[in-house]
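Structure, as structure tokens:
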């Protein structure tokens, strides 16, 4: 029964010592975390120097501290990579966005700049092909054909018939004028001949 107070006292002292040691180790670990940005690998602390030898409880505390140190090393080594990967992802997204903006440009400005000869190019997204809006007087896929003006057949027919009628009328008028002149000359010549014959007859009678 006298041994029980001494055993309890020893256990209490061991617990106090372990608490002090763990407090110092945690303080050092916090300092290491504060300096972890400049030096990602924290200095290794030997648990043999921190904890006194002896007892299964001290060994358990030592194992827990080593496990905590390993976890801290893993977190410190993984934090810079975790910080670096989002930057890479953001940079990749920016590049993809830049490529997307380039794809949205009008292909008629660069690729199909000289596609339409006599017209304006217009890219049809549904067909994924360019089309041309031709200037007046041109036709074709690339506005390369010259379209001649088409005359109205009815108009040309009326025009030719009018010209033919005018020509016939003018020719008939000319013929009538010529016939009239010939008839006038013939009648005048016939009257002159009759007068001459009468004069000849009168002269012959006077001579008898």
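Positions of Cβ are set from backbone N, Cα and C atoms, glycine also.
The feature compositional bias 'Basic residues' is assigned by Swiss-Prot to 93-102.
Taken from Swiss-Prot, the feature disulfide bond applies to 108-121 (among others). Counting only same-chain residues six or more apart in sequence, the Cβ atoms lying under 8 angstroms from the Cβ of residue 108 (disulfide bond) belong to 115, 121, 122, 123, 130.
As annotated by Swiss-Prot, disulfide bond applies to 116-132 (among others). Within 10 Å of the Cβ of residue 132 (disulfide bond) there are 22 other Cβ atoms, across all protein chains.
According to its DSSP assignment, residue 134 (disulfide bond) is in a strand. The disulfide bond annotation in Swiss-Prot covers 134-143 (among others).
The domain 'EGF-like' feature in Swiss-Prot is assigned to 104-144. Same-chain neighbours of the domain 'EGF-like' (104-144): none, counting only residues six or more beyond its ends whose CB sits under 8 Å from a CB of the stretch.
The O-linked glycosylation site annotation in Swiss-Prot covers 37 (among others).
Taken from Swiss-Prot, the feature O-linked glycosylation site covers 38 (among others).
What Swiss-Prot records for 44 (among others) is O-linked glycosylation site, and it gives experimental evidence as the kind of evidence.
Marked as O-linked glycosylation site by Swiss-Prot: 47 (among others).
Annotation comment: Swiss-Prot describes 75 (among others) as O-linked glycosylation site, evidence class experimental evidence.
If you look up Swiss-Prot, you'll see 85 (among others) marked as O-linked glycosylation site.
Look at Swiss-Prot and you will find 33-56 (among others) tagged as region 'Disordered'.
For 82-104 (among others), the entry in Swiss-Prot reads region 'Disordered'.
Look at Swiss-Prot and you will find 1-19 tagged as signal peptide, backed by sequence analysis.
The feature topological domain 'Extracellular' is assigned by Swiss-Prot to 20-160, with sequence analysis given as support.
Per Swiss-Prot, the feature topological domain 'Cytoplasmic' maps to 185-208.
Other Cβ atoms within 10 Å of the Cβ of residue 116 (disulfide bond) number 23 in total over all chains.
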